[in-house]
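Scroll down for the structure; my scribbles are underneath it.
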Amino acid sequence: MSSFGTGKTKEVIFSMEEGSVKMFLRGRPVPMLIPDELAPTYSLDTRSELPSSRLKLDWVYGYRGRDCRANLYLLPTGEVVYFVASVAVLYSVEEQRQRHYLGHNDDIKCLAVHPDMVTIATGQVAGTTKEGKPLPPHVRVWDSVSLSTLHVLGLGVFDRAVCCVAFSKSNGGNLLCAVDESNDHVLSVWDWAKESKVVDSKCSNEAVLVATFHPTDPNLLITCGKSHIYFWSLEGGNLSKRQGLFEKHEKPKYVLCVTFLEGGDVVTGDSGGNLYVWGKGGNRITQEVLGAHDGGVFALCALRDGTLVSGGGRDRRVVLWGSDYSKVQEVEVPEDFGPVRTVAEGRGDTLYVGTTRNSILLGSVHTGFSLLVQGHVEELWGLATHPSRAQFVSCGQDKLVHLWSSETHQPVWSRSIEDPARSAGFHPSGSVLAVGTVTGRWLLLDTDTRDLVAIHTDGNEQISVVSFSPDGAYLAVGSHDNLVYVYTVDQGGRKVSRLGKCSGHSSFITHLDWAQDSTCFVTNSGDYEILYWDAATCKQITSADTVRNVQWATATCVLGFGVFGIWPEGADGTDINAVARSHDGNLLVSADDFGKVHLFSYPCCQPRALSHKYGGHSSHVTNVAFLWDDSMVLTTGGKDTSVLQWRVA
């Protein structure tokens, strides 16, 4: 790094007289106070040290069922394979262990398992790098035992995203088909081991939901989607299609799913709730089950014994059909878990069900289904770790609050609230949890019973931070109305009364940290201001010397002397959403808008400090926190709705 004169780099100015460092975000100066003990030896030219610790992805909470299909399978190893964000997850239910394929750099949209039951293909969307360079959509073929990437297909060929992928089922599975999300929804066939495209063809102007090879005829493919089903023949390097004819049957808005029966018949499920059987090799309907489901048929699965299982959307039913298409048995999935998105055969008579509310269930048509993987359904921002247990809370736009065990990886409890949630914080006793919402309402919940303790409203904008003081005597509530509301707290967090409000920011409150002695707190705002506040009087502290040497209990503010090294060159002030310091004071983790989690040494007070960088999230990473004992880091993905748990090693 070049420095000009004493203490000035391109974007940072060090002033010895003022005892401050000034950085610039969008041309706006952000002055930060240097503690007296560091000032005499401080230099901008000191090299930052990489932390000796690393993060390793330990657990992935969530599943993408909301808008993806046919993405849940049981492997012979006993692992179920599925995806969320940019992670393909291999989850051994018996061993309660996950492995992760991390080869993708943005959202995975589709998944297929090769007939060898070891090789997997996953397709992803187009992304962009931090520098704005496009990351092209592609298919990755990988080994589910070693997790090594075998082949990468279609770089520069696919447009927007790969939405469907499948291996051929006969001829050794040496072909792979894929459909992209270009306007023409191009169907392409690949010799995947050679990474060469055999042929492609425009599929449809409308959305394509499924592309699959016939199980016994390697030259026959089927695609279906919005108001169509096509039967494709692959001959002499050409693809020709025949449209499925609905004739006297009502043409459905969507053909949603397809499977094959032992005799070679094709069965489709559609948005009208009907099952149609298409006779072997033909493009005409030979049998029908009208009204098989109330609402769409979202999933079809042919079991090993030849039985057909269907899964319903609106009616949330899983139905077992006899060989004559009479209902043999049916069971309803509980409403909280949502409509069925995909069904996969397990061991014995068990089934795995993925739902549109991003849950995975395990059970059978005879016994019903119980929760295996709980997911959030919408954008996720709220995260807080319990002060003395291996637990954390997540809450989001879906109005759900989950208290999780980081050891069992299951919710200890879940509850819905009336408003979309934005922020969370535990009382130091751990017995009460505050949750801030987007409406200005905030709640206190009992951590053990999940009962509502109290509900308050401050302003009518979103509550971006709720934070109890370390001694448990105050609660600070930071709002998008530019104010911080301060409450005194009694009865271990169960009783609060408004003390006053802190007025002085000219933009919304983004982050807040308390002093270790609970006398004051510091805030950051949307226009990159750092202000200090006296808790007892709610007055702004304007004297630099009063706050320069304060020991802060936490480091969640993204602007401040101890953390400013997290900002990359040319950063926009909104590029980093959250930061957290380990309780032992040695590590700092940041969450950015580019799907990355960075691990720094603390304090992080050299410009553009060195970090270890980790992918896994696919959209902006919205929040980050250390577990109470610093053994794990938790991160939340915004639109990818996932929570990732990282082991600190």
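Keep in mind that glycine also has a Cβ here, set from the backbone N, Cα and C atoms.
Listed features, source Swiss-Prot:
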type: REGION; residues: 10-649; note: region 'Tandem atypical propeller in EMLs'
type: REPEAT; residues: 56-93; note: repeat 'WD 1'
type: REPEAT; residues: 97-144; note: repeat 'WD 2'
type: REPEAT; residues: 151-192; note: repeat 'WD 3'
type: REPEAT; residues: 195-234; note: repeat 'WD 4'
type: REPEAT; residues: 241-280; note: repeat 'WD 5'
type: REPEAT; residues: 285-323; note: repeat 'WD 6'
type: REPEAT; residues: 369-406; note: repeat 'WD 7'
type: REPEAT; residues: 410-447; note: repeat 'WD 8'
type: REPEAT; residues: 452-489; note: repeat 'WD 9'
type: REPEAT; residues: 495-535; note: repeat 'WD 10'
type: REPEAT; residues: 564-602; note: repeat 'WD 11'
type: REPEAT; residues: 609-648; note: repeat 'WD 12'
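Residue counts for the repeat 'WD 11' (564-602) under DSSP, helix first, then strand, then coil, are 3 helix, 17 strand, 19 coil. With helix defined as DSSP H, G or I and strand as E or B, the repeat 'WD 2' (97-144) counts 0 helix, 27 strand, 21 coil. In summary, the repeat 'WD 2' (97-144) does not lie against the repeat 'WD 6' (285-323): fewer than three C-beta pairs, each 6 or more positions apart in sequence, are under 8 Å. Sequence-remote contacts of a segment are chain residues at least 6 beyond its ends whose Cβ falls under 8 Å from one of its Cβ atoms, and for the repeat 'WD 6' (285-323) they are 69-70, 244-247, 249, 254, 256-262, 265, 267-279, 329-335, 337-345, 351, 353, 356, 365, 369. Mean predicted confidence for the repeat 'WD 6' (285-323): the pLDDT average there is 97. Residue counts for the repeat 'WD 6' (285-323) under DSSP, helix first, then strand, then coil, are 0 helix, 21 strand, 18 coil.
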